[in-house]
Amino acid sequence: MADFLYQLLLSFDATLRIATPLMLCAMAGIFSERSGIVDISLEGKLLSGAFVAAAVAAVTGSAWLGLGCAMLAGIFMSLIHGFACITHKGDQVVSGVAINILASGLTIVLGIALFKRGGQTPSLPRDDRFTPIEWWGVDMMDSVPVIGTIYRQLISGHNMLVYVALLAVPLTAFILYRSRFGLRLRAVGEVPEAVDSAGISVTWLRYRALIVGGALCGIAGAYLSIAQGGNFVREMSAGKGYIALAAVIFGNWKPLSAFMACLMFGFLEAATTRLEGVDLPLIGEVPTQLMLAMPYVLTVLLLAGFIGKPRPPAAIGKPYHK
Amino acid sequence: MSTPTPPLPRWADLILLPIINLFAAFFICGLIVLAIGENPIEAMGVMIKGAFVYSGGLGYTLFYTTNYIFTGLAVALAFHCMMFNIGGEGQALIGGLGAALASFGIGLYLPAPLAIPLAVLGAFIAGGIWGVIPGYLQAKRGSHIVITTIMFNFLAASLMVYLLAGPMLEAGQQSPQTAKLAESTLLPKMADILSPLGFDIASTPLNASFLIALGAMAVFYVLVWHTRLGFNIRSVGQNQEAAHYAGINVARTIIITMAISGGFAGLLATNEILGFNHKVVLNFTAGYGFTGIAVALMGRNHPIGIFLAALLFGALTQGGGELDFEFQSITREMVLLIQGMIILFSGALAYMFNPPLARMIAKFVAPKDPANG
């Protein structure tokens, strides 16, 4: 039993690590989509962030500079998205697809040109990465049963960006529901005409939402390449941006629910890796692919109204014409 | 708006604007090549030579063109109904499954003239199934087609990994792939078709699927502009409420559109699986489904335009491979960048050059009847 609990704890620990980039991207998606802009370009921004973080950290030897530039890269991609869909009222899905393909191509082309390693960046030494932070009193708490283990494994011992992601969730909720900017942001995603007639710029609001989202995706990218991993590899975002988008929808465009969805999707993946090849009583061997496909299955079922009713922002996907 | 933008003349909208957008995309990519420290003009030359001039280059170009025609038609048909099908990737994958099942199921018992059409039909139907489910969910349950088709891409990938690494794995194989398909369902190479007719072309992967693609273009044209269904599709695409009011069954039209759209994407498997790989391998769709969006956008959802755009992308894909051999620091991935730029300029930024161009043309071409402007 104790062993089972310990295994479960390790799964939760892995869940948190897997869910970190999802949480950051999901919050980015919420900012953008609540302002009325469809954001399937989360994937591309995540990938750009990962590349820029690793490239800058490799060249300068500073993880912090890597993080900063990754955020700028995410913002830059967001601005392209905004330029196309806000300024020129282009199709938001088309623009998102373009950005994802651009990010795919650009990271490989620049990676090869800069480092000549087939699109990878050099491995970073430990000092140039965000390494796990051991919290105060871990050794002391060890003597306390259960709580000591939880404290050591689950709460302490993650890198800084995991905690940033965990903070991003309540912060997003606070900004969305308790700040003037958040109120306007929600309004512009529902009835942009009302925001406009109140004398507030729809364009500038939506741009700001995209910029915040870009920065968050950049952080998520940096997490992949200079915190969880030690270099950039081609296509390292591997669909995480899309899973984050699924989490946004699954969470009904609400920060806390989307956070729970990220944890659930993360747990499914963590459990899959843990249970691979294990024979469970009653169920038998766990079908890995089915477990990994669960986020997509669940999102489809949700969207089809089989698990509740999704309520997207009313003005989503529609360019605003004055 | 003090001065209303004059409408763009048809010729400019169909020819000039796409060329300007294309030029803008290439210009930005050229700047990136320049920044990397290579000569963009030289790179362009290498790509053109690789795509058209070198022996077999054209064959390869047309081989890739075939893929782009299928996915371009798939996206375009859905566009006519105002549905955004970004699930071409998944539909094509499942098309491969359908082709393989048909081949393994019937290929052993039937001669090629019967087996090939059935295998092609298998690809079409399987792709269609993967398209019709999101279509049904959109039409009947209101789930957004964009998100559902994205999810279905991932579902298709998961399913194929499971099948190719499990039940359909060739005995004794390590890498996930099926056994070789039945001989009678394989499409002949174009070189083998043409040589008895006296044409001697280099042997390339180009196969009879190219002819299927040309046929699909014709079917597309007739379907969209010369059938009742096509009229319904376009009506629903223009205005769902009006179409409904006119007595068109909107939900049914959407579902049928997505079935055929998925089927077109599924036909990609005839080229890659029945015509080239001769077995199902992982990831044979290689992004063609996504690029289909660019093809449809550039081709203005018309078969002729789609063919030209597909040819462009086919040439880019083939010519891009040549970059690997000729340059130190730019590779075939450059093509991804160009594709992204083209989607950006001719899709998302489609309206950027439109008003200034229209104003410029209006200045030079005097309006015939000002009252009718």
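The backbone N, Cα and C atoms fix where each Cβ goes, glycine too.
Just so you know, TrEMBL annotations never went through curation; they're auto-generated.
Annotation source TrEMBL lists transmembrane segment at B:15-36 (among others).
Residues annotated as transmembrane segment in TrEMBL: B:68-86 (among others).
Sequence annotations record features per position, and here TrEMBL assigns transmembrane segment to B:116-133 (among others).
The annotation transmembrane segment is assigned in TrEMBL to B:145-165 (among others).
The transmembrane segment annotation in TrEMBL covers B:206-225 (among others).
Within the chain carrying the transmembrane segment (B:246-268), a Cβ under 8 angstroms from the stretch's Cβ atoms is held by residues 67, 70-71, 73-75, 77-78, 80-81, 83, 85, 87-89, 91-92, 94-95, 98, 120, 123-132, 134-136, 138-140, 145, 209, 212-213, 216, 220, 223, 229, 232-233, 235-236, 240, 285, 288-289, 292, all 6 or more beyond its ends. The transmembrane segment annotation in TrEMBL covers B:246-268 (among others).
Here the transmembrane segment (B:280-297) has long-range neighbours at 67-76, 79, 86-93, 96-97, 99-100, 153, 157, 160-161, 164, 168, 175-178, 181, 265, 268-269, 272-273, 306, 309-310, 313, 336, 339, 342-343, 346-347, 350, meaning same-chain residues at least 6 beyond its ends whose C-beta is under 8 angstroms from one of its own. The transmembrane segment annotation in TrEMBL covers B:280-297 (among others).
The transmembrane segment annotation in TrEMBL covers B:304-321 (among others). Sequence-distant contacts of the transmembrane segment (B:304-321), counting only residues of its own chain at least 6 positions beyond either end whose CB sits under 8 Å from a CB of the stretch, comprise 14, 22, 46-52, 57, 60-69, 72-73, 76, 217, 291, 294-296, 298, 331-335, 338-339.
Per TrEMBL, the feature transmembrane segment maps to B:333-353 (among others). Through the fold, the transmembrane segment (B:333-353) approaches residues 17-18, 20-22, 24-26, 28-29, 32-33, 43, 287, 291, 293-294, 297-298, 313, 316-317, 319-320, 323 of its own chain, all at least 6 residues removed from its boundaries and within a Cβ separation under 8 Å.
Under 8 Å from some Cβ of the transmembrane segment (B:116-133) lie the Cβ atoms of residues 74, 85, 87, 90-103, 106-107, 110, 148-149, 152, 156, 181, 184-187, 212, 255, 258-270, 273-274, all in the same chain and six or more residues away from its ends.
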